[in-house]
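Trainee: Have a look at this one.
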Amino acid sequence: MSTLLDVRVAAIRELTPVIREYSFEALASTLPGFSAGSHVQLHLPNGRRNAYSLLSDPADTRQYRIAVRQQDASRGGSRYLHQHLKVGDRLRLSPPANLFPLHGEAQKHILVAAGIGITPFLAYSQELLRRGADFELHYAYRAGSSDAYVDELRQQLGPRLHEYLSGQRRLDLASLLQGRTLGTHVYACGPQSLLLDLQEQASAQGWSPRRVHWEAFAAAEPGQPFRVELARSGQQLEVAADESLLEALEAAGVEVPNLCRGGVCGQCQTPWLKGDVEHRDHFLSANERTSSLMPCVSRGCGSPILLDL
């Protein structure tokens, strides 16, 4: 596992009643460089590990910045940050990792964000402006709650920014994707409904999957409690309704490599031998699901799961 970074909370800024920006500075030495689209995992004092996109300019590593929306159904990540984290507090984070990079072969970049999904595109925009690249940003938001960075983006991007204010203008992905040249790539970050709509519309219009990119860091949805047995050690675990299998394994001292914690990256792929599994990931093929699961999001839905761990 990569060496964690020791950081201090340098600043906290309220962007909307439910979104706050956090700036972190290194306690010693300097922060590692990163590329647009990177994220870090925060290791919180309450035991939670949450992944957040870096919204800072990749050319400036004096600080890392993230933005966090307070989730109504938070299991301790966003709630802890909003209610307990203060300037001067110390935290540990993972080094930056990038599962959502800009693609160098793209001749044009279409960025699509909804709500807090704007965060990776703040770093994207600064990098693309520096390159002199051809791009446009489509941002759907609700006034007063999920409209973080709108004023900043208007000044920075001008006509490259296309706004979709809830109740006034609808983001129509079918129209947005029509008639685009083969060198165009589209990137999306936002709720599950946005990502599914993008995949459906792009497929219907014949877009190559190589030109369609998305990121999802949504926390695992709760479900029914279930039991797990580890085949190699014989250890048995109870996974609570509001706990992921990955969290239960970590609490039991079983470390599983992971990055996104949202069923996207494939890093935590784990073999399973028997039991009933509800797969909720966006990574495994139907064939792979017969023998592997993603403990960050997958759950048991009947008989206990036997993992090859």
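Even glycines carry a Cβ here, placed using N, Cα and C.
In case it's useful when we look at the structure, here is the feature table from Swiss-Prot:
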- Cys260, Cys265, Cys268, Cys296: [2Fe-2S] cluster binding site (BINDING)
- 2-103: domain 'FAD-binding FR-type' (DOMAIN)
- 226-309: domain '2Fe-2S ferredoxin-type' (DOMAIN)
Trainee: DSSP helix, strand and coil counts for the domain '2Fe-2S ferredoxin-type' (226-309)?
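Mentor: Reading the DSSP string over the domain '2Fe-2S ferredoxin-type' (226-309) gives 10 helix, 23 strand, 51 coil.
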Trainee: List, in sequence order, the same-chain residues at least six positions removed whose CB sits under 8 Å from that of Cys268 ([2Fe-2S] cluster binding site)?
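Mentor: In sequence order, Leu246, Val256, Pro257, Asn258, Leu259, Arg261, Met294, Pro295, Cys296 meet the Cβ cut-off.
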Trainee: Which of the listed binding-site residues (Cys260, Cys265, Cys296) has the least company, meaning the fewest other Cβ atoms within 10 Å of its Cβ?
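Mentor: Comparing Cβ neighbours within 10 Å for the binding-site residues Cys260, Cys265, Cys296, Cys265 has the fewest.
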Trainee: Please spell out the DSSP helix, strand and coil residue counts for the domain 'FAD-binding FR-type' (2-103).
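Mentor: Reading the DSSP string over the domain 'FAD-binding FR-type' (2-103) gives 7 helix, 43 strand, 52 coil.
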Trainee: Write out, in the order they occur in the sequence, the residues of the chain not among Cys260, Cys265, Cys268, Cys296 that have a C-beta within 8 Å of the mean position of the C-beta atoms of the recorded [2Fe-2S] cluster site.
Mentor: Leu246, Asn258, Leu259, Arg261, Gly262, Gly263, Val264, Gly266, Gln267, Phe283, Met294, Val297
Trainee: Looking only at the domain 'FAD-binding FR-type' (2-103), what is the model's average confidence as pLDDT?
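Mentor: Overall, the domain 'FAD-binding FR-type' (2-103) comes to a mean pLDDT of 93.
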